[in-house]
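Asker: Grabbed the feature section from TrEMBL, which reads as follows:
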type     : residues  : note
SIGNAL   : 1-28      : signal peptide
DOMAIN   : 45-133    : domain 'Ig-like'
DOMAIN   : 144-234   : domain 'Ig-like'
DOMAIN   : 266-355   : domain 'Ig-like'
DOMAIN   : 360-447   : domain 'Ig-like'
DOMAIN   : 453-540   : domain 'Ig-like'
DOMAIN   : 544-631   : domain 'Ig-like'
DOMAIN   : 648-743   : domain 'Fibronectin type-III'
REGION   : 731-757   : region 'Disordered'
DOMAIN   : 745-842   : domain 'Fibronectin type-III'
DOMAIN   : 847-949   : domain 'Fibronectin type-III'
DOMAIN   : 953-1049  : domain 'Fibronectin type-III'
TRANSMEM : 1075-1096 : transmembrane segment
COMPBIAS : 1105-1125 : compositional bias 'Basic and acidic residues'
REGION   : 1105-1214 : region 'Disordered'
COMPBIAS : 1132-1160 : compositional bias 'Basic and acidic residues'
COMPBIAS : 1198-1214 : compositional bias 'Polar residues'
Amino acid sequence: MQLKMPKMKSLSTGRALLILFLCQMMSSLEVPLDPKLLEELLQPPTITHQSPKDYVIDPRENIVIQCEAKGKPPPSFSWTRNGTHFDIDNDPLVTMKPNSGTLVISIVNEGKAETYEGIYQCTARNERGAAISNNIVIRSSRSPLWTKEKLEPIVIRDGQSLILPCRPPIGLPPPIIFWMDNSFQRLPQSERVSQGLNGDLYFSNVIPEDTREDYICYARFNHTQTIQQKQPISVKVFSMDALNDTIAANLSDTEFYGAKPFTERPPTLLTPKGSTSNKEELRGNELLLECIAEGLPTPDIQWEKEGGEFPANRTFYKNFKKTLRILDVSEADSGKYKCTARNTLGSTHHSISVTVKAAPYWITSPKNLVLSPGEDGILICRANGNPKPKISWLTNGAPIAMAPDDPSRKIDGDTILFSDVQERSSAVYQCNASNEYGYLLANAFVNVLAEPPRILTAANILYQVIANRPALLNCAFFGSPKPDIEWFKGAKGSILRGEEYVFHDNGTLEIPVAQKDSIGTYTCVVRNKLGMAKNEVHLEVKDPTRIIKPPEYQVVQRAGSVSFECRVKHDPTLMPTISWMKDNNELPNDERFIFDKDHLVIRNITDRDDGTYTCIANTSLDRVSASAALTVVAPTPTPAPIYDQPNPPFDLELTSRLERSIQLTWIPGDDNNSPLIKFIIEYEDAMNEPGVWYFQTDVPGTQTTAQLKLSPYVNYSFRVIAVNSIGRSLPSEPSDSYMTKAAEPDENPSAVEGIGSEPDNLVITWKPLKGFESNGPGLQYKVSWRQKDGDDEWTSVIVANVSKYIVSGTPTFVPYLIKVQALNDLGYAPDPAVVEGHSGEDLPMAAPGGVQVHVVDSTLANVRWDPVPPKSIRGHLQGYRIYYWKSDDSLKRNRRHVEKKILTFSGNKTNAMLPGLEPFSHYTLNVRVVNGKGEGPASPDKIFKTPEGVPSAPSFLKIINPTLDSLTLAWDPPNHPNGILTAYTLKYQPINGTHELGPLIEVEIPANETSFILKQLNYSTRYKFYFSAQTSVGSGNQITEEAVTTMDEAGILPPSLGAGKAMASRQVDIATQGWFIGLMCAVALLILILLIVCFIRRNKGGKYPVKEKEDARADPEIQPMKEDDGTFGEYRSTKSDAEDHKPLKKESRTPSDRTVKKEDSDDSLVDYGEGVNGQFNEDGSFIGQYSGKKEKEPAEGNESSEAPSPVNAMNSFV
């Protein structure tokens, strides 16, 4: 509702002074932000949230017009539309939310948005008055189609300027314009080609590369998320040099955009036209000025403001400097702006006269008044604008002229004065400031209360402070009329008065310098004419913590050790913790650093240990520290000149004493043969932290004067430390003290955070200011908060010098805006930064739904689920967690513990892979959402089964009972069958003397067998076996073994080999070797010749000694066996057996694992054993290992023998 009042004369000087005096004299009662108190007090309505004044709606969605208000009792709501009562009961599509004034108009399924366009206003009313909302103008968004048109192709010669019009349809709100091609790629823009503010595409000059058939203008209507496009524009750029006679003959002069040859030319403005123009903009808006020029070469654009400069930090250039953009314009930005287009052939310019008008804006908006009966008050409503706005007053939503007479109220233009108010004077007043560009409407209530005093601070609070520091005892109170407060000490103490106490308006008692005699019980008493209330608090004063033996500066040689001592004296009731730092950082994690009560020991010192070590003693109330430097020097094997740290400076003097600075001078001490590098200046705050020295600054060693910056309300003393290459001197004697005056704080607390510890609270924490940062007495903090999503006003509370405030009764996990501002008795710090926090998290309420499992293979499954709605998460989404476990019946029957596995996936994932599953198993899983508080409920269990897989290899494979033509295989089933075993697969193949593999034979064995006799094998032959299990999916991994069949049934075995064990040594069948057959034929031929010769000679009748010797050696079997030394004599087999002799390497015994090492074999004749000590047994195995000379025990390693050489083969026959 806007009411227009006759123009009033401006206030006279006398009247302005009178109102100023009344404002100073009248102070309305401030209601503390105590939730319990606010629930009990009667309060007129206050609008807390409403829709924007200009509300453009989406016609595809339901219309929601917001109106929220608070008050005591809770207000009722009503609406007007276009100035008349809007009866929502008569329209079935319109409903009002419970306990709210928000309207919901359901037009999705029926109804049209245009039907409900209009001007709406909400009224919230209770017995104490009525508050009204702004006029909310409802308009439906529109995105009309482009008018169909036929666009002729544009033919133009290069060098000319060109404008491609867009002319988008008029929408609500206006669309965003951009140019793209038919591939939806944005057209490149530059100094030569750019889009104007009206959406047209401007070419300062065209080039042949501009030829294309798809210049398309798009209009995006953001409110309805739709995009409309114009018909494509075709542009063809011709070069006069490229035109041939045929083209020239087919095109007339009029078919060209311009037919004359174009040469270079000076700039001409395409927009705006002419040399001058006017521009009007509203205060606070964005000012956009545009100049686009054509010319060849392409012109540059420059901007200037006549008689002034562009505002810093608010001025920007867009569109290749063709657009000047100034943010948040004010009346000071009015004036003439000139753009200049320039190229090498000349320039042109355009002057734009800018006028900044202003819709109304507040100078002083009316504030709520809480008065007690009989008190006076004032409401002030001051606004400015261009033109000057008119002020009109309403009460409870109606023009004040129509309100009942109130003798306590007097209206004087933009001011309402109240005197001797009564409870009937309670009402809500509206101030309307309007001009031709808009209006402002503010509600402010006058609430007349008669309330007896009540104390809001909890009873019997115990305050603990350090001696000689301020103590703040709180006693927050409320009453109407405003109560008087008095403080007492002790049960029967007198009223506290005097300079040693400071009494704050909020009821806090400050003891600036607490002493031991300040200990006791304090009572605050508040009174007004309606009653009295009191409260007791207790104060304890503790002794300060002091370092009585600080660490001392030390110089230590490399590889040496050092010990720093730090002895602390403290109050008996406070337990300090001692910690150490190096160069203001934590100590390295190194075992060389040893902590022993009040000592720090460093052993085996290196150059990296050089630095400053600080001892810190912390209690719950104070903190002290002391530092010492460690200088690491090289070992000095020979005596060297004595260098030492310098002597301390002396004769310190303070001059040029100002509020925020002072000059310090001193005289240096002896440098002890090492030039001074610098002076370190430290200060002591004797009022807040006596005995604690802090770093102030440092200056070069050649300087003996320093200008020092100071903070307010600090009792300064200074000292100076000299530093040379050896180390630091002892501190000088302190300077005279200097006390600076108090001032308001310069800074606010840091590290402000808002994190809920419970689902219904918000814990606001900050790092308090240090003592000297308070700048004055009475340091407190103003803590303010409001919900981020909403138009709620800031809720504020002022607390004592603490570091935490808990806001209770908050909704679960709602974003809040938070700020903490420091203040003291002299005023407030600058406006603090606003940080974002959240109220407390709670466990998620919902479980993921739609859980589906897709088994990828026998060991991998894919799990999918529907995400949990954000509102039910009630916290920061950490991710999702899958619990899964085997659920086979055997586990249940055996009552074995079921091990649940957990996989956690961060972020808002809706699917995950489960690896490492066991084949042929039943699994159960569920999914839970996780936030910062913990897990939500589990989804319903989902059961799935993994398919069969291939089994693992059999547990073992043994080859036993070797015979002449068979071997027995024994095994155990696989440890992991991964399904139902269907069979075993045995593959084997012989191995010949050259390690070549023979044909592979495959045998399938039933799954219920654990042994198998393999028959019809070749005697004395090595075989390689491959054994695997199989399921319906396929065969698993193979296990391999090798074994040898025996040469005959007797099977002579070495004594170390028991019966039933297969010999797995490498055998070579010489009789089958080609070289051996040829050799035997040659030997037979030689013997035949020898026999013929002997026969001939014998026939000649002679017996020769040679013959006798040969006769004696004719039969090797008559030679005795040399069993006494454990060896066999020379042996000559029968013809059938001679072919199987196979000389082998010593220690050819095959180990139990049937494996063979080729790298251990060699062809040494010594190893084969020449003579009687190197013979073979009947099956060809080497038995020389048992002879007297071969005393070496057979190795347990895997060995094999190579095929023998022809010489070795012959040894068995000679």
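Glycine is treated like the rest: Cβ placed from N, Cα and C.
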Asker: What mean pLDDT score does the domain 'Fibronectin type-III' (648-743) have in the model?
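Answerer: Mean model confidence (pLDDT) across the domain 'Fibronectin type-III' (648-743) is 92.
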Asker: Residue counts in helix (H, G, I), strand (E, B) and coil for the domain 'Fibronectin type-III' (953-1049), per DSSP?
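Answerer: Split by secondary structure, the domain 'Fibronectin type-III' (953-1049) comes out as 0 helix, 51 strand, 46 coil.
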Asker: Please spell out the DSSP helix, strand and coil residue counts for the domain 'Ig-like' (453-540).
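Answerer: Counts, helix then strand then coil: 3 helix, 47 strand, 38 coil.
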Asker: By Cβ distance under 8 Å, which residues at least 6 away from the ends of the region 'Disordered' (731-757) in the same chain are close to it?
Answerer: 648-650, 652-654, 657, 659-660, 662, 664, 666, 682, 684, 686-687, 693, 710-721, 763-769, 773-777, 779, 781, 785, 803, 806, 810, 813, 816, 818-830, 832-833, 835-841
Asker: Could you count the residues of the domain 'Fibronectin type-III' (847-949) that DSSP puts in helix, in strand and in coil?
Answerer: 9 helix, 51 strand, 43 coil
Asker: By DSSP, how many residues in the domain 'Ig-like' (544-631) are helix, how many strand, and how many coil?
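Answerer: Split into helix, strand and coil, the domain 'Ig-like' (544-631) gives 3 helix, 48 strand, 37 coil.
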